[in-house]
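S.K.: So TrEMBL lists these for the protein:
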- HIS135: active site, proton acceptor (ACT_SITE)
- ASP128, GLU200, GLU202, ASP234: Ca(2+) binding site (BINDING)
- TYR130, ARG144, GLN241, TYR245, THR360: substrate binding site (BINDING)
- ASP234, LYS254, THR258: Mg(2+) binding site (BINDING)
- 22-120: domain 'Fumarylacetoacetase N-terminal' (DOMAIN)
- 127-421: domain 'Fumarylacetoacetase-like C-terminal' (DOMAIN)
Amino acid sequence: MAAVKESWVASANDPASDFSIHNLPYGVFRHQEKTRIGIAIGDQILDLRACAEHGLLLPLPQETIAACRADLLNPLMSFGPTAWSALRHQITALLDAGQPRRDSVEPHLIPMREAAMQLPAQIGDYTDFYASIHHATRVGLLFRPENPLLPNYKYVPIGYHGRASSIVISGENIHRPWGQIKSPTAASPAFGPTQSLDYELEVGIFVGQGNRLGQSIPIAEAEQHIFGLSLMNDWSARDIQAWEYQPLGPFLSKSFATTVSPWIVPLEALAPYRVPALARPAGDPAPLPYLSSPSSDRDSIDLTLEVYIESAQMRQNDRAPMLLSQGNLRDLYWTIAQLLTHHASNGCNLRPGDLLATGTVSGPGPGSEGCLLEKKHNPEPIRLPTGELRTFLEDGDRITFRAGAQKQGLPRIGFGECTGTILAP
Ligand SMILES: O=C(O)/C=C/C(=O)CC(=O)CC(=O)O
Ligand SMILES: [Ca+2]
Ligand SMILES: [Mg+2]
């Protein structure tokens, strides 16, 4: 096996680190009252603005250097893969263990624990898809027992327009929302706090280069429009949802908060983990030509995603967070390229910084449900290490998502954390 490249930032070489020199995800952080773009490396952040100001990015075009001095990622996102790749190449060189100019780079590292992460981009629009057929079938069974998977599912990537204003960064607390709730036995709804608060384990897709209004994005070019991926929690109030969603889909049951993780992992970092999309089951229709990928051997990504829960009582008793479920991005019915191409297929313009999300990532088997609603199919509620029982989230519960791509002989590409704690309304 060829030796894996190392960084002079020692913490980045720990095989358990999410952020080796092979990852280099982008984020926006606040430190000493200044907001800057940074790159995660081990337990440090490389301050890109400082790198730009100290001539460390000089081989790059002026517009790239200017975008690195911004306090949001939108300008950099708009440039496209050639510029992203050149910048990534330069950062790799600066952080490489063999770098002779280490002394000129080291002053621009900031320990992660001293920084507060911010939303990475101005998110103009947010759209959530429904790309897991396993999630769609299990949720459909609860909402529409006679007709769980509607006949359009295998032809058209289903989605809904989400709410961008209530997207928050990982770590922000989540207020239990109020809404109209109609219990099955009541004649009419009442207004009150949700009793069925849920999470949804999702992957966020940040749009890079956009497309002009009226122009679509061919599937072969779709990934050139993707700046990178993050984790996303589409918090959902199931009782509010069950009453409001027909016929236009989710509205206030999901718009109260959506959490994103701070680090955007470039698609280039995930290249070694590309895999073919799973074959569609026999008898399923082939995707229509505009959604048919020309490069079938690497349409998906082998990315493991995990959900952990920690109640207030668990924290008081120093209990470790409990693993609730584990899934893989590979299990989706629709690929990220298909979602993006479908979104633009009517000429809708996507803009740099827009956020698309896959929808809940659920697998076929028990233990891979991407939300609590799906676990209602289990005969028993979830038992926490403190003996507390859960069907939905209680005040004080903390939900944390993690994700990583990992294979023998290859460096781990981690996503960091996407976490939120439920507050009383
Ligand atoms: O099946 C339904 O009516 C609704 C399902 C959802 O709540 C899912 C949604 O937000 C999309 C997803 O996360 O897959
Ligand atoms: Ca969702
Ligand atoms: Mg939401």
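For all residues, glycine too, the Cβ spot is worked out from N, Cα and C.
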S.K.: Relative to the Cβ position of LYS254 (Mg(2+) binding site), how many further Cβ atoms are located within 10 Å?
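M.R.: Its Cβ shell of radius 10 Å holds 25 other Cβ atoms.
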S.K.: Would you identify which of the binding-site residues ASP128, GLU200, GLU202, ASP234 has the most other C-beta atoms lying within 10 angstroms of its C-beta?
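M.R.: Answer by Cβ density within 10 Å: GLU202.
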S.K.: By DSSP, what is the split of the domain 'Fumarylacetoacetase N-terminal' (22-120) into helix, strand and coil residues?
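M.R.: Secondary-structure breakdown of the domain 'Fumarylacetoacetase N-terminal' (22-120): 42 helix, 25 strand, 32 coil.
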S.K.: Among ASP128, TYR130, GLU202, GLN241, TYR245, LYS254, please name the binding-site residues whose Cβ is nearer than 6 Å to ligand 3.
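M.R.: Cβ < 6 Å from ligand 3, in sequence order: LYS254.
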S.K.: Going by C-alpha positions, which of the binding-site residues (TYR130, GLN241, LYS254) is nearest ASP234 (Ca(2+) binding site)?
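M.R.: With Cα distances computed to ASP234 (Ca(2+) binding site), the winner among TYR130, GLN241, LYS254 is LYS254.
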S.K.: Enumerate same-chain residues with a sequence separation of six or more from TYR130 (substrate binding site) and a Cβ-Cβ distance below 8 A; give 'none' if the list is empty.
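M.R.: Within the chain, TYR130 (substrate binding site) has Cβ neighbours under 8 Å at ALA136, TYR153, PRO157, ILE158, GLY159, GLY359, THR360.
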S.K.: Can you go through the binding-site residues TYR130, ASP234, GLN241, TYR245, THR258 and pick out those with a C-beta less than 6 angstroms from ligand 2?
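M.R.: The ones that qualify, in sequence order, are ASP234.
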S.K.: Scan ARG144, GLU200, THR258 for binding-site residues whose C-beta lands under 6 Å from an atom of ligand 1 and note them, or write none.
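M.R.: List returned for ligand 1: GLU200.
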S.K.: If I take every residue in the domain 'Fumarylacetoacetase-like C-terminal' (127-421) and average their pLDDT values, what number comes out?
M.R.: 96
S.K.: With TYR245 (substrate binding site) as the reference Cα, tell me which of the recorded positions ASP128, HIS135, THR258 is the closest one.
M.R.: ASP128
S.K.: Have a look at the recorded positions (HIS135, ARG144) and report the one with the fewest Cβ neighbours inside 10 Å.
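M.R.: Among the recorded positions HIS135, ARG144, the sparsest Cβ neighbourhood within 10 Å belongs to ARG144.
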S.K.: I'd like to confirm something. Which of the binding-site residues, ASP128, ARG144, GLU200, LYS254, has a Cα closest to the Cα of HIS135 (active site, proton acceptor)?
M.R.: GLU200
S.K.: Give the sequence-ordered list of residues that share a chain with THR258 (Mg(2+) binding site), lie 6 or more positions from it, and have CB atoms under 8 Å from its CB.
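M.R.: In sequence order, the residues whose Cβ lies under 8 Å from that of THR258 (Mg(2+) binding site) (at least 6 apart) are TYR126, GLY162, ARG163, SER166, ILE167, VAL168, MET232, ASN233, ASP234, TRP235.
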